[in-house]
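Asks: Right, I'll just put the structure down here and ask away after.
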Amino acid sequence: MTQPHPSYHLFFLTLLSFFLSACGGSTTSSNVERNIEGKLIDSAVEGVEYRCGNVIDFTDENGTFSCATLPVSFYIGAINLGEVSVLPTDKQVFPQDIASVNRSDVNNTKVLNLALLLQSLDSDKNASNGINISSDTRTKFTKEIIVSDLNLTELKNQLKIQDQDITFQDINNVLNHLRLSAEIISNDDNHSTNLENNSSTDNNTTSSENNNSADNNSTDSENNNLADNNTTSSEDNNLTDNNTTSSEDNNSTDNNTTSSEDNNSADNNTIGSEDNNSADNVERNIQGKLIDSAVEGVEYRCGNVIDFTDENGTFSCATLPVSFYIGAINLGEVSVLPTDKQVFPQDIASVNRSDVNNTKVLNLALLLQSLDSDKNASNGINISSDTRTKFTKEIIVSDLNLTELKNQLKIQDQDITFQDINNVLNHLRLSAGIKNNDDNNSSNTGENVDNNNSEDTNTIETNNTVIDNTTPSSENNNSNENNTTDNSENNDSEGTNTTETNTTIIDNTAPLLPTLTSTPSFTAANSINVIVNGESHSNVYLNNVEVGTINAQGSLSLTLDTSGVDGTKNFNITLQDAANNTSSALSFNVIKDTVAPAENSTINSLTTADTSPPLSGSLPHGNDDNNTENYTISIEINGTSYEATNNEDNNWSLPNNTINPLEEGFYSVIITVTDEAGNSSSTTLTGKIEINNTAFLIDSALEGIKYKSGSYTGYTDVNGLFKYEEGTTVTFYIGDESTGIPMGSTQVKIDPHNSQRKIITIFDLAGSQDENNTRVINMGKFLQSLDADNDVSNGITIDEKTKESIALANLRNHLDFNEDVDAFHQNTEIYNLMNDLAGHFGEHRGLLDSEDVKAHLVSIRDNNPSTKTFSESETVRGEKQETKILTGVFQTTTGVVEGLEYRSGNQVGRTSSTGEFQYEEGKSIKFYIYQLELGTTEADSVLTPANLVVSTSFNHPKPRNIIRLLAVFDAISSDAKITIDDAVREALEKYRSQIDINLPDGKANEEFSIPAGVDEFGAQFDDFEIGKDILDEITLLRGAN
């Protein structure tokens, strides 16, 4: 057997060293001085590959990497994390350093990408004890990912493709850990658990709403007439000393809340807070509240502070502006806090608080109330961490209308349930109303402070008339003059407090204009269903007829009657509430159309070698085809449909490389056109596309020549036919592509003698049309001399045996068609090839005479009738005939033969245990054992050795020799059949099949007066002859087995 080439051993040694390095080994040479050392940190990161100069290694358990030179780049498998060219002064490399941003910039996309990646791939998913990237994890990622090129969502998608089991850490946890890591390194000297300024017990009562001791709230006031002033902003008063006053006339709330907003520095109010993301030394002395009810869990960002609003909606900043986020949803920002320190949706939208109908305001209120954890905004709004993590794609609320906002939210959270817009609006009004009357109407309660140890008798009589007018944003719906009555008496008597309130509500507010989930414009049906959206529990009127009631979720399914003749159907929808207030009418129309487009679409016919060509045509042009710009078009070709582009100019098109590649032939097209109402028509056009990507290789017809053009490769057929890819050159080889002799490359051309076909000639491959050109003569001489039947007038065939011999002789590296003609004619390698083929050809050939070769080449080039002509009317068609596969049996005098190799067209194999072979109808078949060719004949159902010689050879010894040879090769003695086993093939391979089956066998034929002679065939198997060596080798191999 053939021994492996020494280069193979080198290849596998190289491959082995690669895998050893991939498994954790350092590939740097031992004598490289690595004197630059640093650490990869988001916690210490172990197991990340780093590369610097000639060093390739992995970070250790401390995140340490050592280099001789910089820059140093970091990888996890094929994931490129990035690089640093200069080490920071602390020798530690954070994600921020790789992203080339300030370490405080933890919100940078590249930084978040790196942190999420490292923490999500950590072996134990606990970054606080260090991050370990295991070798198993590294080997999962084999396709390149450049982290800096992607946003967060793209990064996740790319990672999921290569590791479907990956679990991503919560982005907020990632961010918190990233902040903590950065703070530890930047504040190492003063990071003592935030306790430096917290010695006072009073100062450590974070989030207390009413942290006011009795001693601190005592006053000397004799005339404290506004009890409400004792509770104003008490939830913000975290330093109780500030609540003590000595005012005798404490009539305003300002005195009780002096500097309360200044007593909430970051040091005093955030001990132990897990969401406190500002640096310890940042004094956050600007405090406010996010209100639509108190809104908890919204992320806010101001300066270097990133935190979340608490259960009271509180946020604390060192600087303004402050911006608000839910995940990647940008709610907006405020640059100046309102005087009451409370931020409503109206403040973010920069409108008056009474303007509750503003689109931006409604967007914000709908968003907050719909994402509330318990869907009950009256008890406060809570945005959970689970909710925040759902929204990873940026949404800027102020850029969208209400419908667009809902659609954008649905894309990221399909389970979201939107609150009824009227309920949202009512809650928003209520919230704004409470705030607007805060100074004079604190819950309509009269609270009395008695400094004379007496119980006062306070009588509060309030008559409120609330009129809900058609302007939903009215702030002054309460008469406030009588809302608070305080009577303080300085006596020792006991009194009684009595409050009487009478309220009458008048509803004059009409429902908002109803909307439809989708508004159809055209239909071919007699009815269509729509969804009406509007105020809950209001009645729906369709064309002034009551048809149903809006449900609690704010919708009603409604059927519109579109029966009758074609034309415009008009509809209007109004809503009426329980107080008989009627909304404005929603008016719209639907066009009834039952007429299909005309069936006269067209396609532009074409003949092309492009197997996936661009297509185009026109749309129908009937009497009713007036809006073709809205038609949809489907093109069906070869059983597959494609959506075409409507060019809106009564034409359609399909771009190049849209349709699946087509084989050579003619194709019909079905064009289906659908109008806006859903009416369709189809037009069938027959034979409008012809794919003709075949051409002919000719010096006569050249059969058996290897070709390659783009995606097409194969051997030319009996007519010299080959396939090519449009716009590419075709390369030809005598023999196989890897072992054969290159002939050259060129593009096909139109046959100058027959415009209906395309050709390539020997002249084209040689690059010259001159018959005296050296390359032309040598190439023609070689091909013509190797013709299987030695008759170039009927075409030239390079058969399998010839190609095998060319490969074995290694002529690819020893033959040059540019060699001098006379030298080429005497080439030793060619002589050896012809000698090797003598047994195959039945004669020893030499190269043909140059003048004869040129005469044949010229006759083909000039279409000389003395050789072969091509009719001007001849057309090359692309239809393929189905190949019929038949079964035959090969047998000899002792029975069937198993193990004979055969080839018939594309049918290749060995005869079965019953002697069967497969052949293509009308094709010849060749039989051989390894490279020992037995013969070729027209295939038939039963063949014998006698069929393997030409009929004119009436007394040829070959059939008898084959019978004798098969008998001596038989592996199993049996009267039923002969078996050719692998031992025979291996012996023939070793001795290169050097048995001549055409030699005389010495038999006489009295009928034709042929005397007996010497058995030259049998002599091959005598001692010291090659045949004897082959038989001995077979015996040896069978004995070993």
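Any Cβ shown, glycine's included, is placed from N, Cα and C.
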Asks: Ranges 602-626, 627-651: which does TrEMBL label region 'Disordered'?
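Replies: The listed stretch tagged region 'Disordered' in TrEMBL is 602-626.
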Asks: Short question: which residues 6 or more past the ends of the compositional bias 'Polar residues' (602-615) have a Cβ under 8 Å from it?
Replies: 635, 644, 653-663, 669, 671, 683, 685, 688-693, 724-726
Asks: Tell me the residue counts in helix, strand and coil for the compositional bias 'Polar residues' (602-615), as DSSP assigns them.
Replies: 0 helix, 4 strand, 10 coil
Asks: Going by DSSP, how much of the domain 'Bacterial Ig-like' (596-686) is helix, how much is strand and how much is coil, in residues?
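Replies: Secondary-structure composition of the domain 'Bacterial Ig-like' (596-686): 3 helix, 41 strand, 47 coil.
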Asks: Report the mean pLDDT of the predicted model across the domain 'Bacterial Ig-like' (596-686), rounded to a whole number.
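Replies: That stretch averages a pLDDT of 90.
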